[in-house]
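Listed features, source TrEMBL:
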type: DOMAIN; residues: 168-259; note: domain 'Mandelate racemase/muconate lactonizing enzyme C-terminal'
type: ACT_SITE; residues: K187; note: active site, proton acceptor
type: BINDING; residues: D212, E238, D261; note: Mg(2+) binding site
type: ACT_SITE; residues: K283; note: active site, proton acceptor
Amino acid sequence: MVAHAPLPREGIPKWLMLVARGNQQVQISPEFKMTSSKLVALAARIERFPIAGSFTISRGAKTEAVTVVAEVSRGGLTGRGECVPYPRYGETPEATLAAIQAMQGAVAGGLTRQALQAAMPPGAARNALDCALIDLEAKAAGLRAWNLLDRPVPGERTTAYTISLGAPEAMAAATAKAAHRPLLKIKLGGDGDPQRIAAVRRAAPESQLIVDANEAWTEANLEHNLAACAAAGVTLVEQPLPSGKDEALARIKRPLAVCADESVHDRSSLAPLRERYDAVNIKLDKTGGLTEALAMADAAQALGFEIMIGCMVATSLSMAPAMLVTPQARFVDLDGPLLLARDRDHGLRYDGSLVYPPDASLWG
């Protein structure tokens, strides 16, 4: 039984309250325990990074990225992982921090990322801890993370660059400044989206466009908006309808590819979406870490989905593990650090819209 100090109840998921009360045991099989007998320590903290300007989608705007960082240390080595709690999924920084801290006893007892998958639910907290454990494991083995996990070596990829939601004129002006980028992701918001799409296309006639409605469309305007996207030469439409209310996508003839984001989280959510979506957006904060993200990518490909690897607005520490999914991804949307006023030290290398794999000084 793992004992924990009392935690505030507000904003903390029900499963965590069970852990905090000591009513739930985390079982760690002997084969999952770390081989070293050295003490394993867990630390976590909330960090804040200002956004360059503001970031606006259909659900609102923000001016800073609030992240939670987990650090797992053993024998002089430290593994790090970063997550972004997302209010859309009922997460807060404080509850996420508490969820990670509640695993201190389990981590000290030898918890590994394999056992972690059953010990915590998918989400931001598990993501930070999963990535920290992988980073530590790679450092201890003297390997890069992709070699440790027996995955393809990631190379440089073109990332999408996001244009925030706004009036058509404002979006066109922002797009014109980014028109040299080969791939743009355009945030939409429902009413007036055909005008936004047309204005953006005029401002960036050569760029490939992805549009993201973040669940803001309805069955009533779905086909009209899709037609406007097709007319503008949009390549992909992301999450047009609300999660759980997207059945109409299976009933219409889609004029272009549609990608699930809020409707898909991990492998368990893939199969019901086969008739509605052509692609899935894999985000480590949804899957609960890189371990499940890689398994989900394999499963999605087996089901015939195209893959986008995406991110929340965060630092390079969040992007680094996601780079391991890029060899399987048709679309890469890892522009989080490009949207910040400043990134953390040893951040990823960006050359225009090209993003490069992380140095070991950052992660993995």
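Each Cβ is built from the backbone N, Cα and C atoms, and glycine gets one as well.
Projection of TrEMBL feature records onto the structure.
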residue : record                       : Cβ within 10 Å
K187    : active site, proton acceptor : 21
D212    : Mg(2+) binding site          : 27
E238    : Mg(2+) binding site          : 27
D261    : Mg(2+) binding site          : 23
K283    : active site, proton acceptor : 24
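A Cβ within 8 Å of the Cβ centre of D212, E238, D261, the residues given for Mg(2+), is found for these other residues of the same chain: K185, I210, V211, A213, N214, V237, Q239, C259, E262, N281, G310. For the recorded site, K283 (active site, proton acceptor), the DSSP three-state label reads coil. Of all the recorded positions in the record (K187, D212, E238, D261), the one with the smallest CA separation from K283 (active site, proton acceptor) is D261. Spacing of K187 (active site, proton acceptor) relative to E238 (Mg(2+) binding site) is 9 Å (Cα to Cα, whole number). Summed and averaged per residue, pLDDT over the domain 'Mandelate racemase/muconate lactonizing enzyme C-terminal' (168-259) gives 97.
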